[in-house]
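Taken straight from Swiss-Prot:
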CARBOHYD  ASN241  N-linked glycosylation site
REGION    268-290  region 'Disordered'
COMPBIAS  280-290  compositional bias 'Acidic residues'
MOTIF     287-290  motif 'Prevents secretion from ER'
Amino acid sequence: KVQQLLKDYFDGKEPNKGVNPDEAVAYGAAVQGGILSGEGGDETKDILLLDVAPLTLGIETVGGVMTKLIPRNTVIPTKKSQVFTTYQDQQTTVSIQVFEGERSLTKDCRLLGKFDLTGIAPAPRGTPQIEVTFEVDANGILNVKAEDKGTGKSEKITITNDKGRLSQEEIERMVREAEEFAEEDKKVKERIDARNSLETYVYNMKNQINDKDKLADKLESDEKEKIETATKEALEWLDDNQSAEKEDYEEKLKEVEAICNPIITAVYQRSGGAPGGGSSEEEEDGHDEL
């Protein structure tokens, strides 16, 4: 009845029925205080207040991509692990850069801390497995650990929630910006992914044709020469087209696959095995590169 009277008085305008955010915070703090002190009584005994991660947490991977491990609003405490790999042949060190934010690229997110994991056994690009674990405790303290699964070597960093962390207003601003630039960020991320897919395929083929456990001893000399020429030309094209569009990278990948995949298929048919390694299906199951 009162709401209808107000609506009539203000020329049909609907009254605001939402909750004042400042009041909501005050009520929540009061309830939490009552629960923690044990003085909440019957009013709070069935209430469960959950803390959440205010922003997405992740690390930087090739191309400046923000690879997300713990999404925004994940209930804490929480723990998440993901396996990554190396970007270059014989790479013995990876840099772990920890960010928070909602954008697709780390340049638009906030750096929380970084550390290096050294002593990785030299191997072809994409071979080492680096497991990165994010763990946020009930107090919001973030522990990040990186471990080389091959050598067992590891490094870690602890990021507390009292070292210049963002205010609620800054968090809301970052979320708004992510929504505002979502379409633009998506296009940039797709272009980087397309470039990485081409690069990964080419290096995968190069490694296979030189690895005796894979294709080195199974290829005819002319077959190997065709693949070497195709991969060499593709790498030169990548060097000359650093800022190509997504469609350009995808087209170049199709060109290289059209040369390499039939050769790989023929080799495995001759040897009675199944095609492997160079296919784009396997490529999609690969690990992000550091």
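Backbone N, Cα and C atoms are what each Cβ position is placed from, and that goes for glycine too.
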Other C-beta atoms within 10 angstroms of the C-beta of ASN241 (N-linked glycosylation site) total 13
When pLDDT is averaged across the motif 'Prevents secretion from ER' (287-290), the result is 83
